[in-house]
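All remarks here apply to the structure that follows.
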Amino acid sequence: MSAWASQEAAKEEEAVGDFARMLERRDAGLLARVLSRAQTGPEAYVRGLWRAEVGLERWRLTRVLGCGSVACVFELGDGALALKVPTSRRKAPVLLHEVLIYSHLAQQAGGRLAERHVVPFHGVAAVTRREYRRLRGGEVVPALVLERMDTTLEAVHRRAAVSKGQWWRYARDLVAALQFLRESCVVHGDIKTANVLVRGQDAFLADFTSAAVCDAAPEPLTTTLEYCAPGLIGGGQPTHSTDVYAAGLCLLALITRFEPFRELSMMKSHSSAPTHSLHETQWLMNAISKGDPIKYNVLSQDLYDRWAEELHFLRRFFVPAAQDALSRWLAESNARVAEHAF
């Protein structure tokens with residue numbers, strides 16, 4: 001082995017150990033659950049996820065696909081994969097928490113996440129300042145290797161109105177994803193149109209940084225305000241029911257072509273953009289607490305008339321539902337997709 005190859009191998013081993021220690025400090029309970037199913041130890045688990053071909057100078061970032069407070073997502077190489085990189089070393093444990101959630105979900109799905117309408121996860125790579133200039137010299141952070149999608153549901157509704165057939169496809173996909181999360185005992189905690197990715201005509205849930213396994217200690221509340229269920233406004237924790245509520249708001253945005261409560265807020269403030277003032281936030285919290293998002297978002301009779309069946313279907317997302325509700329909704333949305341295929 002050449003001196004350069006030996007040096008790279010040593011760096012890789014050091015990064016594997018570093019990431020394993022981060023996982024043990026941040027998520028010991030969830031890590032133990034994942035390791036029990038994988039029948040391995042922390043370092044062997046990280047090594048099993050390692051994507052050497054996209055780590056430590058073996059890959060290049062081509063363009064930014066999206067950026068948030070925790071991470072930026074870059075297109076990789078030929079565009080088949082995307083890399084989610086923490087914005088700083090301090091944010092790295094948050095992404096490793098997401099790695100564990102993805103691992104848990106992949107175990108539940110037998111590795112076939114796409115079939116359950118969750119963005120496929122392909123492992124972990126190491127990123128240094130040489131690849132990502134926002135990092136400090138000598139820092140190495142974990143990055144998630146994900147399947148690259150075409151766009152977000154937010155971009156879809158901003159670009160053009162969707163057909164009824166396509167709306168029912170998105171509804172079916174989101175209900176299928178919600179059902180899978182419930183079966184896997186995972187609460188997403190931050191479902192919104194920006195976190196629903198689209199490839200072709202299909203939708204997939206992404207961004208599990210706020211997610212939690214049901215019987216684990218609750219994560220800090222980071223749900224986007226516009227997508228909060230009324231119970232979260234009063235200090236409650238995210239649940240499967242609040243995930244369903246947020247998914248309903250995503251589907252409502254496809255009908256109105258506005259993010260939740262945005263159109264009414266613009267009319268109220270005579271502004272074309274949200275003000276983010278304290279007064280605006282208080283107004284938004286009051287509107288959410290009413291528990292009637294259809295009333296506060298569908299502001300024209302024409303929309304009510306054109307989307308009557310879909311709005312009737314959506315009302316169920318905003319009230320307490322029976323345990324078997326998702327199965328029934330999935331069957332109904334599948335039937336509607338079939339109807340619109342002809």
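Cβ coordinates are placed from backbone N, Cα and C, and glycine is handled just like the others.
Given the structure is predicted, the values throughout are model-derived calculations rather than measurements.
These features come from Swiss-Prot:
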| type | residues | note |
| --- | --- | --- |
| ACT_SITE | Asp190 | active site, proton acceptor |
| BINDING | Leu65, Gly66, Cys67, Gly68, Ser69, Val70, Ala71, Cys72, Val73, Lys84 | ATP binding site |
| DOMAIN | 59-342 | domain 'Protein kinase' |
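Here the features listed in Swiss-Prot are painted onto the structure.
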residue : record           : contacts (Cβ under 8 Å, 6+ apart)
Leu65   : ATP binding site : Val73, Phe74, Glu75, Ala82, Arg148
Cys67   : ATP binding site : Val73, Thr87
Ser69   : ATP binding site : Thr87
Ala71   : ATP binding site : Lys84, Val85, Pro86, Thr87, Lys91, Val94, Leu95, Thr209
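Listed in sequence order, the residues Val85, Thr87 complete the 8 Å Cβ shell around the ATP site centroid, once Leu65, Gly66, Cys67, Gly68, Ser69, Val70, Ala71, Cys72, Val73, Lys84 themselves are left out.
Of all Cβ atoms in the shown protein chains, 22 besides its own fall within 10 Å of the Cβ of the residue listed as 'active site, proton acceptor'.
With Leu65, Gly66, Cys67, Gly68, Ser69, Val70, Ala71, Cys72, Val73, Lys84 listed as the residues that bind ATP, the site has a largest C-alpha separation of 14 Å.
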